[in-house]
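Have a look at the structure below, then the notes.
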Amino acid sequence: MARIDYRVAPGGRLRGSVEVPGDKSVSHRVVMLGAIAEGTTEAEGFLEGEDALATVAAFRAMGVEIEGPREGCIRVHGVGLHGLRPPEGPLDLGNSGTSMRLLAGLLAAQPFDTVLTGDASLRRRPMRRVTQPLQLMGARIETTPEGTAPLVIRGRRRLAGIHYPMPVASAQVKSALLLAGLYAEGRTCVVEPAPTRDHTERMLAAFGAPVRFGDGTACVEGGARLRGRRVLVPGDLSSAAFLLVGATIAPGSELELRGVGVNPTRTGVLHILRAMGAEIEVLDPREAGGEPVADLRVRHAPLRGIEIPPEWVPLAIDEFPAVFVAAACAEGETVLRGAAELRVKESDRIAAMAEALQGVGIEARPLPDGIVVRGGRIRGGSVWSHGDHRVAMAMAVAALRAEGTVLVRDCAAVATSFPGFAELAARLGLGIETVVR
Ligand code: S3P
């Protein structure tokens with residue numbers, strides 16, 4: 001793979017009105033539920049990023065006909081709960097944790113064996129959090145001795161529903177169990193220690209599955225059929241977050257982001273940025289395909305450091321790289337705790353962001369489960385994204401407040417979640433240049 005760096009000129013501001021790419025979480029689920037539904041599922045606004053495309057390729061390899069995606073339109077010809085066919089080889093899910101963990105649940109119930117693998121980052125990530133509860137349901141899944149992928153999933157197992165209190169707040173674990181639960185005997189219930197994104201539950205309901213959720217427990221009955229349907233994929237708030245932070249920190253900025261998903265299990269970043277002083281308006285709230293959507297208007301505002309309330313952490317779990325950049329531009333200290341999950345994302349985001357912020361002159365002190373960032377002057381410099389898409393984009397927008405050029409190394413992974421990020425950000429005013437090595 002070509003190595004890509006971002007060279008970002010200091011200063012500038014973000015102005016304009018744009019749509020951000022489709023929601024990654026919802027895009028994965030469109031393909032997965034569409035594939036095991038009866039009839040056709042058509043989606044608009046589908047994210048044509050590498051992660052969602054890895055899910056598309058996996059289902060194609062299991063005999064599902066999928067047209068597109070082309071300009072955000074995708075059509076999945078469902079094969080029904082029992083229509084998947086054995087793939088010819090291992091399914092390579094690239095960088096995508098969502099693909100691997102959700103598929104582990106879905107494939108645990110199939111009448112054939114599968115092997116799930118991925119890139120070096122994905123093969124470092126913990127998988128026992130899904131394989132252990134799936135084993136309680138009767139699944140047989142082997143991991144490496146470290147509990148990582150490749151996962152060898154033995155099929156032909158009869159699964160039974162369980163009542164599972166999740167030790168970590170994880171939408172991927174919850175979703176894997178609900179997908180396995182579709183095939184299990186009886187009812188599968190997952191109890192959450194804190195609310196996490198509920199896209200699987202909402203989409204299961206929209207596809208006609210007997211699912212109950214909303215009170216800290218999500219349950220599904222086994223054996224029900226899903227019906228394919230039209231889905232509108234909202235813009236991804238996790239992608240919008242980089243632009244929200246960029247516009248907030250750069251004087252003279254004013255941005256409108258249209259059609260962004262504002263599902264309340266995702267809006268922690270809005271709560272955090274507003275508590276720091278950001279001016280973000282949520283305009284014209286509406287529904288699209290069972291998901292709340294709105295236009296967001298943001299303009300520059302001075303920020304102050306805060307202690308981030310722990311209940312907001314799972315609601316903002318992917319947005320912390322961007323939030324740390326906001327903290328670097330705030331008056332005083334921002335303290336995050338209770339976020340040890342950040343250490344097992346596409347990179348160790350606490351270590352990677354502490355290193356990157358220090359690399360541009362910001363005081364950032366990692367904690368075992370969080371970080372303390374002191375606002376200050378961003379000098380500029382050369383930093384490494386650790387191959388993590390969100391670290392790369394966060395450090396690129398940090399240049400808006402830098403005194404010198406910011407070189408962000410190893411940014412190819414941005415294509416997993418935000419294809420066209422550099423072009424879009426440049427159009428809005430970021431002095432970003434892509435350097436291919
Ligand atoms: C996701 C859940 C979250 C999130 C990831 C997408 C999903 O992971 O970080 O980017 O689509 O279910 P966890 O479940 O590990 O918190």
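In case you wondered, yes, glycine gets a Cβ from its N, Cα and C as well.
The candidate list Arg70, Arg125, Arg202 contains one residue that TrEMBL assigns to the phosphoenolpyruvate site with Lys24, Gly97, Gln172, Arg349, Arg390, namely Arg125. Here Arg390 (phosphoenolpyruvate binding site) is positioned 10 angstrom away from Lys345 (3-phosphoshikimate binding site), judged by their C-alpha atoms. Around the Cβ of Gly97 (phosphoenolpyruvate binding site), the number of neighbouring Cβ atoms within 10 Å comes to 21.
Among the binding-site residues Arg125, Ser170, Gln172, residues whose Cβ is positioned under 6 Å from ligand 1 are identified as Ser170, Gln172. Candidate binding-site residues: Arg125, Arg349, Arg390. Nearest to Ser170 (3-phosphoshikimate binding site) by Cα distance: Arg125. Within 10 Å of its Cβ, the residue among the binding-site residues Lys24, Arg390 with the fewest other Cβ atoms is Lys24.
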